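Q: Quick paste from TrEMBL:
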type	residues	note
ACT_SITE	Lys12	active site
DOMAIN	68-146	domain 'GHMP kinase N-terminal'
BINDING	Pro96, His97, Gly98, Ala99, Gly100, Leu101, Gly102, Gly103, Gly104, Ser105, Ser106	ATP binding site
ACT_SITE	Asp138	active site
DOMAIN	218-273	domain 'GHMP kinase C-terminal'
Amino acid sequence: MTVQKQLLAPAKINLTLRVVGRRGDGYHLLESIMVYLPLYDTLAFSLRTDRQITLRCEPEVTVAAEENLVFQAAQQLQQQAGVQQGVDIQLKKSIPHGAGLGGGSSDCATTLLALNQLWGVGWSSARLRQLGVTLGADVPIFLLGQGALAEGVGEQLTPIAKLPSWPLVVVNPGVALSTVEVFKAHAKRVAGRYSEPGEGRGWLELPELEPTILCNDLTADATGLCPQVAQALELLNDSGAMAAEMSGSGATVYGVYESRELAQKASEILQAKQPQWLVLQTEILND
């Protein structure tokens, strides 16, 4: 396979996540600030002269390629743009699956960006986002290329000009959580009494984002399904985090620290206590 393009697909975390309603089609309405992390999957693309699309994953997965968002992104762009070429795609995973870090959505967005160029489609960013949101609610934020407030089902994006440079410790307890099941649990718990909309606009009006804004309406529901989420949050708080919260629908959590030194020390303590967990000392990606 002669690689014509290789790209990195970053992870994300949700600094805030409010569930403010539900559409008639079942999709939930959100207000969420999402930012990128320097944790990446790697995708390599090689053009084909026929229209076949192939996907190879490392490590190998049991799910059929046709069910992967990367394959679906390539297929939909090919069909909708009338592309007569195919592509071989290699996906090397580093972002945990079912972790609330947006790995699948990021891979999907990266595929759309790569093939939009390689296939000479030439769609605008806005048009790519229109396709992206049909594949996944988090796909548009990765097509935007910067941290933003996401509203609606994820398609309404307001970029955030000044992102915080907080030292972080990101913890994944090695458990995959189903987004569908977490949202089902949330819907049952709140019984139609969703968070009031509008808080997201208030976040944008702040002179700068502070750790006090961290919130996630799904945390209680995820901890009910996965006790390790609560355990990981407790460990972060006990390690000196100024604030700690869950990302997305879990099971990944993260803590904000006053300094890189404190974050590094906390990550070492947490890794020693839970050697099987993914513990990453990092910070928000600002470029």
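Residue numbering: from 1, along the chain as shown.
Cβ coordinates are placed from backbone N, Cα and C, and glycine is handled just like the others.
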Q: Please work out the number of neighbouring Cβ atoms within 10 Å of the Cβ of Gly100 (ATP binding site), leaving out its own Cβ.
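A: A count of 30.
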Q: Which ones in the same chain are close to Gly102 (ATP binding site), with CB under 8 Å and 6+ residues apart in sequence?
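A: Gly102 (ATP binding site) has long-range Cβ partners Ala11, Lys12, Met34, Ile95, Asp138, Ile141, Phe142, Gly248.
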Q: Using DSSP with the three-state reduction, classify Lys12 (active site) as helix, strand or coil.
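A: In three-state terms, Lys12 (active site) counts as strand.
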Q: Under a criterion of Cβ-Cβ distance under 8 Å and sequence separation of at least 6, what residues of the same chain contact Gly104 (ATP binding site)?
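A: In sequence order, the residues whose Cβ lies under 8 Å from that of Gly104 (ATP binding site) (at least 6 apart) are Asn68, Leu69, His97, Gly136.
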Q: Does DSSP give Gly104 (ATP binding site) helix, strand or coil?
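A: Gly104 (ATP binding site) sits in a helix per DSSP.
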Q: Residues other than Pro96, His97, Gly98, Ala99, Gly100, Leu101, Gly102, Gly103, Gly104, Ser105, Ser106 within 8 Å, Cβ to Cβ centroid, of the ATP site?
A: Ala11, Ile95, Gly248
